[in-house]
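Peer 1: Handing you this structure, nothing more for now.
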């Protein structure tokens, strides 16, 4: 029947059923091994009548390791439910299980105790003390990962324990034992404990008991210990005060700044800079300035770590040392910053790692606002514009993203000189990397407020069309990508243009584009943000004709559109319009087109309208909106009487219940707040209308005044000519009449003389 599918097997040894069964048995063998036996199932079975605490105690006593780990991981929830019973019965069992337990259970216990301490679940110090005893037992675990987890738990416990307990249980073992006898891991833990515990005690105890131990750790033979202690000296310095810091800690830090290990020098450099605010003018001048200038020396470029730290702290250093630097030192610091801004670029000798040099330039971008304040905005063009322009056109995306993130701060500092970096703003807006645009969009509204505040100067420089073109190209680039969240953010930032651009220019440039996004984009959050921006443009537009045109587009293309998708979008626009416009404006322009969608043939549109009815009802107030309320009630009755779709019927029933509760459920103070907010919106709209009328009157007055001036000019000319003609006619009236008679006689004589002689008898009869 199917000859094409018939194949003959090649000759070979016969394959009997016994071999097939052996193959199946081989396949099933690992599955059988993975199954639990009846005895194992009995061991894993727990009585259902046990409560949570009893079940935890039972599993910790006779359960398997995976069950014990599960109970320990669930310890925070047990403490929340029943803290007293948990600490009385479960925590001692956990302490027994931890003796000799593996790394998995140790990590689970450390994480659970840390969660209990951080969430402030326990309120009794005795419970915290019991946790502390458990932590101290396992702090020196042989596994470094487990030991680090227990150390984090201990540091969190220090915040919750009283001073006496910390001093007796935690600090005494550190203070009265030889540090050299401890392991490297224990000495590193001692550094972190000292830094954390110093915040709990007063300056006298820290100076007498903790500071000698910290000084000995600063001189440890291992560089890791010296680095760790350097990082925690700042907390001790803030506890002992300025005078003791200058006498006790600064000499140690300056000595560590000259350590043979670069990591120690870097840690000391960072600690000294962090303590700069605690130094007076003399210390900054004699201690910190030489250190910074030596770090800025060209010979220190070999130490990449110091260079990275210097680039990160450069703005803070310049701001803090500005009053202690000479003009020459300021010039050297500025030159060093200019060098750091181009570190690693192809134009320079690249002796550093690419990632390190890129990080240095990113740090320079972070410090740009502080450097602009350091050099004074008036000197920006000569001192900082070249490195700033270089960073804006850097080949690395991360650098351009960093400069875009701080661009708004630079713009604010420049103020009226913002036109200097107009080209760089266009460059970042037209950047091909979306990460750069994302960083720029975070504060684009603040940037545009400063840039567009120049107004007529920007228009005179012909820079406004370039800026608007760059903004549109940025939107098109983001809109053509898959980064819809960035597109939503961009549209949100563009809404500030309604306050910054003239209405005519905004209507011609952006309104049409935003409406296209509203009607064509397929991402719902982007559509809603486009609707919000379009409504914002509509609200702040001061031209009645343009507002009417925008409303007609909303009604014709959305509310009355052929696609049900557009009609759904109109209901989204109505939902947003209730937040932006006043009730009066919304009821006048949006309410009736929305209610007319009750006749829509698509059930989804009617369903959406049912959801929106409570919003529409909340915008009505009696007795002013009595007719509109009747129309809304008619819409509800139509739904109840004629609707056939079951989902719409269910929604309208739910909506009717909400409408019945609407007036009763709203507290008076909330209605009062909403009314005040609505009155504020209505006043703003009336103010915009008055401004529009005032502008129109000014324009009409200007036209009338121009016509009046022209008419006056013409009237003056005509009056002048008439007076001249009147004077001439009054003086020479008789002579002019005589001249006219003579001219008439002369013309008649000429006419007679021009006639032929044969006609004389005929013309002789004419009266003269």
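Keep in mind that glycine also has a Cβ here, set from the backbone N, Cα and C atoms.
Here's the feature list from TrEMBL:
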type	residues	note
COMPBIAS	699-717	compositional bias 'Basic and acidic residues'
COMPBIAS	718-738	compositional bias 'Low complexity'
COMPBIAS	749-761	compositional bias 'Low complexity'
REGION	699-768	region 'Disordered'
REPEAT	210-248	repeat 'HEAT'
REPEAT	249-287	repeat 'HEAT'
REPEAT	384-418	repeat 'HEAT'
Peer 1: Which bits of the chain, at least 6 residues beyond where the repeat 'HEAT' (249-287) starts or stops, bring a Cβ under 8 A of a Cβ in it?
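Peer 2: Hits for the repeat 'HEAT' (249-287): 215, 218, 223, 226-227, 230-231, 233-234, 236-238, 240, 242, 295, 303, 305-306, 309-310, 313, 316-317, 320-321, 323-324.
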Peer 1: Could you give me the DSSP helix, strand and coil counts for the repeat 'HEAT' (210-248)?
Peer 2: 33 helix, 0 strand, 6 coil
Peer 1: How many of the residues that make up the repeat 'HEAT' (249-287) does DSSP mark as helix, as strand and as coil?
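Peer 2: Across the repeat 'HEAT' (249-287), DSSP assigns the residues as follows: 32 helix, 0 strand, 7 coil.
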Peer 1: For the repeat 'HEAT' (384-418), give the DSSP counts of helix residues, strand residues and coil residues.
Peer 2: 29 helix, 0 strand, 6 coil
Peer 1: Taking all residues of the repeat 'HEAT' (384-418) together, what is their mean pLDDT?
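Peer 2: Residues in the repeat 'HEAT' (384-418) carry a mean pLDDT of 93 in this prediction.
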